[in-house]
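*Asks:* Please read through the structure below; I'll follow up with questions.
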Amino acid sequence: MTPASAQTPSSAHPTRVAVLGAAGRMGAAACRAVEDADDLELVARIGRGDDLNAVAEAGAEVAIDLTVPSATADNVAWLIDHGIHAVVGTTGWSEESLEALRERLAGAEGVGVLIAPNFAIGAVLAMRFAEVAARYYDSAEIIEMHHENKLDAPSGTARHTAAAIARGRAAAGLGPVPDATEKDPDGARGAVVDGIHVHAVRQRGLVAHEVVQFGGVGEQFVLRHDSFDRISFMPGVLLGVREVASHPGLTVGLDGFMDLG
Ligand code: NAP
C-alpha cells in the first residue's frame with residue numbers, strides 16, 4: 001500500500017496516543033501515564049485480537065507498542081504504513097527485523113520509530129556507562145534478573161549492554177575476556193552475546209534488574225540498576241512519545257532522544 005503521510009503532532013492540541021497491549025502490565029501503566037499527562041490524550045486502547053484500524057480511526061499520531069515479541073513487528077509495520085509514529089518497548093527484535101524496519105521506513109518519509117529495549121532512565125545510563133567502563137577492564141559479565149513471566153532471554157537490555165561493552169572493548173583494542181573454562185556441559189557460563197557472558201535469572205518477585213561486573217587486577221567495578229515497579233519505565237515512555245515525531249526514521253535505544261554527549 002502507499003504509505004500515508006506522517007502524523008504531525010501540534011502544540012495546539014494534546015498529542016493523540018494509542019496504546020497497543022493496553023491490557024498488559026506495561027500497557028496498563030502506559031495508559032495511566034498518558035492519561036495523567038496534560039499534553040497527551042489517550043485515544044485508543046488495543047488488545048490482542050482488536051482491529052488495528054481503530055488506531056487510525058481514532059486519529060492517533062503516536063502509538064505505544066507494549067505487546068508480545070510475536071506481534072510487535074507486524075504492528076509496527078502497520079503503523080508505519082499508516083503514517084503513525086511508534087514508540088516500542090516490546091522486546092525480541094533481531095538485527096534482521098530491525099533491518100526490515102529500516103527498509104520499510106525508507107518509503108515512509110517523516111515517520112519515526114523508537115525501539116527502546118529499556119525505558120528506565122537509569123538502565124539507559126547504565127548501558128552508556130558500561131561502554132565507557134569496558135575500555136578499562138579485562139573482564140566484563142552481565143547478570144540480568146527478571147520476573148518469571150518474561151518470555152525472552154536474555155533481555156533486550158542485556159543484549160544492548162553486551163553490544164555496548166563490545167564496542168568499548170573494541171575501541172580500546174581489548175581482545176576476548178580471559179576465561180580458562182574448558183568443560184561446561186550444562187551451560188553454567190551462560191549465554192555469550194557479542195563476546196560477553198550473560199546470565200539470565202527468572203524469579204518471582206522481581207521486576208527488571210541488571211548487574212554489570214567489571215574485573216581488573218586487584219579490583220572489581222559494579223554497575224547495578226533495579227526497576228522495582230513498572231512505573232519506573234513511564235518517564236522514558238513519555239519522553240519517547242513526546243520526541244518520536246521529531247526523529248524520523250529508526251532510533252534504537254532511548255539514549256537517542258537523550259542528550260548524553
Ligand atoms: P504482558 O503483561 O504479557 O502484556 C502484553 C499484552 O499484549 C497482553 O495484554 C497481551 O494480550 C497483549 N497482546 C498480545 N498480542 C497483541 C496484539 N497483537 N495486539 C495488541 N495486544 C496484544 O507483558 P508486559 O509485562 O506488559 O510486557 C510487554 C512487553 O514489554 C514485553 O515484550 C516486555 O518484555 C516488554 N517490556 C519492556 C520494557 C522496556 O522498558 N522497554 C519494560 C518492561 C517490559 P494477551 O494477554 O491476551 O496475550
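Heads up, the Cβ atoms here are built off N, Cα and C, so glycines get one too.
TrEMBL lists these features:
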- His146: active site, proton donor/acceptor (ACT_SITE)
- Lys150: active site, proton donor (ACT_SITE)
- Gly21, Ala22, Ala23, Gly24, Arg25, Met26, Gly89, Thr90, Thr91, Ala116, Pro117, Asn118, Phe119: NAD(+) binding site (BINDING)
- Arg48: NADP(+) binding site (BINDING)
- His147, Gly156, Thr157: (S)-2,3,4,5-tetrahydrodipicolinate binding site (BINDING)
- 16-119: domain 'Dihydrodipicolinate reductase N-terminal' (DOMAIN)
- 122-253: domain 'Dihydrodipicolinate reductase C-terminal' (DOMAIN)
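Where in this structure would I find these features, and how exposed are they?
*Replies:* Residue density at His146 (active site, proton donor/acceptor): 22 other Cβ atoms are found within 10 A of its Cβ, drawing on all protein chains shown.
In the three-state DSSP reading, Lys150 (active site, proton donor) counts as coil. The Cβ neighbour count for Lys150 (active site, proton donor), using a 10 Å radius and every protein chain shown, is 16.
DSSP assigns Pro117 (NAD(+) binding site) to coil, not to a helix or a strand.
In this structure, Arg48 (NADP(+) binding site) belongs to neither helix nor strand by DSSP; it is coil. For Arg48 (NADP(+) binding site), the count of additional Cβ atoms within 10 Å of its Cβ stands at 11 [all protein chains shown].
Neighbour count (other Cβ atoms within 10 Å of the Cβ, all protein chains): 14 for His147 ((S)-2,3,4,5-tetrahydrodipicolinate binding site).
For the domain 'Dihydrodipicolinate reductase C-terminal' (122-253), the DSSP counts in helix, strand and coil order read 48 helix, 40 strand, 44 coil.
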*Asks:* Let me know how many other Cβ atoms fall within 10 Å of the Cβ of Thr91 (NAD(+) binding site).
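*Replies:* Neighbour count, Cβ to Cβ under the 10 Å cut-off: 21.
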*Asks:* From Gly21, His146, His147, Gly156, Thr157, which recorded positions have a C-beta atom under 6 Å away from some atom of ligand 1?
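*Replies:* Checking each Cβ against ligand 1, the ones under 6 Å are Gly21.
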*Asks:* Tell me, how many other CB atoms lie within 10 A of the CB of Gly89 (NAD(+) binding site), whichever protein chain they belong to?
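*Replies:* Excluding its own Cβ, the number within 10 Å is 25.
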